[in-house]
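Chemist: What TrEMBL records for A:10-57 is domain 'F-box'. The repeat 'WD' annotation in TrEMBL covers A:103-140, A:158-199.
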Amino acid sequence: MSSDETEKTPAELLSLPNEVLCYLFTFIPPHDAITKIPLVCKRFSLIIKDAKFWSTRIRNEQSVRMPQCELRHPDYSPQKSFYMIHQQNQRWKDWESQRIITAPGHMATVDSVMLFSKNEKLFCLSGSRDRSIRLWDIQNVGSGENSEENKWTVAQNDTAHSGWIWNVSRNEDSEKFYTTSWDSTVKEWSIPDGGALQELNSVNLGSAVQCVSTSGSSNEVVCTTFARRTAVIDTRSFKIVADHQLHKKAVIGLAVQGDKIFTSSEDRMMMMVDRRMMSKAVLFEYCPKSYKTSLSLQRHQLLTSTSDGKVKLYDANNFNVVQSYTVTGILGY
Amino acid sequence: MVKSPKSNKKGGKAVKVNNTVAVNENLDLIYTLISSDGEQFQADGHSLKLSKVLSLAAKCLQSTETTIHVEKVKGDTLKRVLEWCENHKDDGPYVSKCGPGLRLPHWDFRWLKSLDNQQLFDLITATNDLQMKQLMDYSCKTVANMAKGKSPEQLRQIFGILTDEEEAELALNEPGPSNAN
């Protein structure tokens, strides 16, 4: 098609009706469809910016039904959702062929790992039953053998606790770490650049401490213990400032978002209390058949794993079950 | 929802099929297809099977008739449609694989590549009107391949699309009630 044939009208892609154009766009890789196509002309832009185009694709091509609490969220964008789902599908499509590297170092079960990034480098902090915590440099692990020049473990503390370490958490703003242990303490750590792990604070909660979360208020850390307790610790004084013992058994699941504290226990109850009034459960669920082994909270959706092998998705505002999957075996984290 | 000039699908859902008619009948019968500009073509039932609209139209014919008027499609486009059907009439059932993952068979790839843009777009419109999923998927994929890795400016050049400014300019100069003397 040469441009000096001025008498001949150029081929009209625009002569195709909209629904044909929509179908055509589904064959273009999502990244190009989102970034380049809208810039071609106004008509294309209107199609790509239409939420319905993407909602239909999520339903038909990706076979995904969004839960109501997600659809009603003010930030919900079907275009973004489609793209994220596409990315995740691509990523996990061949997960068996992804590289697996075993990093030896701990001498006993590693019960908790936490991935984070700092200054664009990737790290992992692990806590183990050998009572130590180790900081791993992920890039080094991926680039070659463990050696003096290419250290996998860049910092460690072999006597971090005097009992099994159950959980590790990190506050993104203050960059401080918190570890919980069978020795009944919660400890606060910092890792200065290039330096060793530094213990800053410690508080004893009376019994083995299980979960920890830094997603509540900025100066507070929430923990749960085996003696049914859910405690809030002020990081400035490192003292317990609030707690409740509404559960009847060990509290093994915790998720926090702002003022909402979600907990689950072996007593088969799952509840949510408001930080400002810890004495009463705002939401409550009792499940006779199983208990929730872990909780994960994001944007009003609570994902739980149960002791009878299911993954259940709840609407965090009202504890309605949105979806339920059965997986074989018992799930941990 | 974006408003669009909707294409009218020919026949299709509005026509009822007589359920008592035997399923395998008339597949070897030769039909005459007449395009919108009067050109005539021959095709058998196996070829027509690839188009939902055409096979339904064939089923609804009176017992002695074998002519189908294909009003929405021009002669040269219809000729290509039938050429493709001829090549694919012995295929098994087609499972549509939406999206960028689709791979074209060798013959189709070369055949579609030999068409120019206008012929390709006309073909896509025809497959939409005649409800031919397989050929539609292949031709859309061909267009998508042409668009691969191109910048918006290049896309406009390839597909003959004007920028919004050029379109506005054109609209301004077009004769009409507002600028008639």
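Note: Cβ is positioned from N, Cα and C throughout, glycine not excepted.
So that I understand the layout, could you describe where these features sit and how close they are to other parts?
Modeler: The average pLDDT computed for the domain 'F-box' (A:10-57) is 87.
The repeat 'WD' (A:103-140): residue composition by secondary structure is 3 helix, 22 strand, 13 coil, according to DSSP.
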Chemist: What residues elsewhere in the chain lie close to the repeat 'WD' (A:103-140), defined as a C-beta under 8 angstroms and at least 6 residues from its ends?
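Modeler: Cβ under 8 Å, 6 or more out: 146, 150-170, 172, 175, 177, 179, 181, 189, 191, 197, 333.
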Chemist: Looking only at the repeat 'WD' (A:158-199), what are its DSSP counts of helix, strand and coil residues?
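Modeler: Split into helix, strand and coil, the repeat 'WD' (A:158-199) gives 0 helix, 19 strand, 23 coil.
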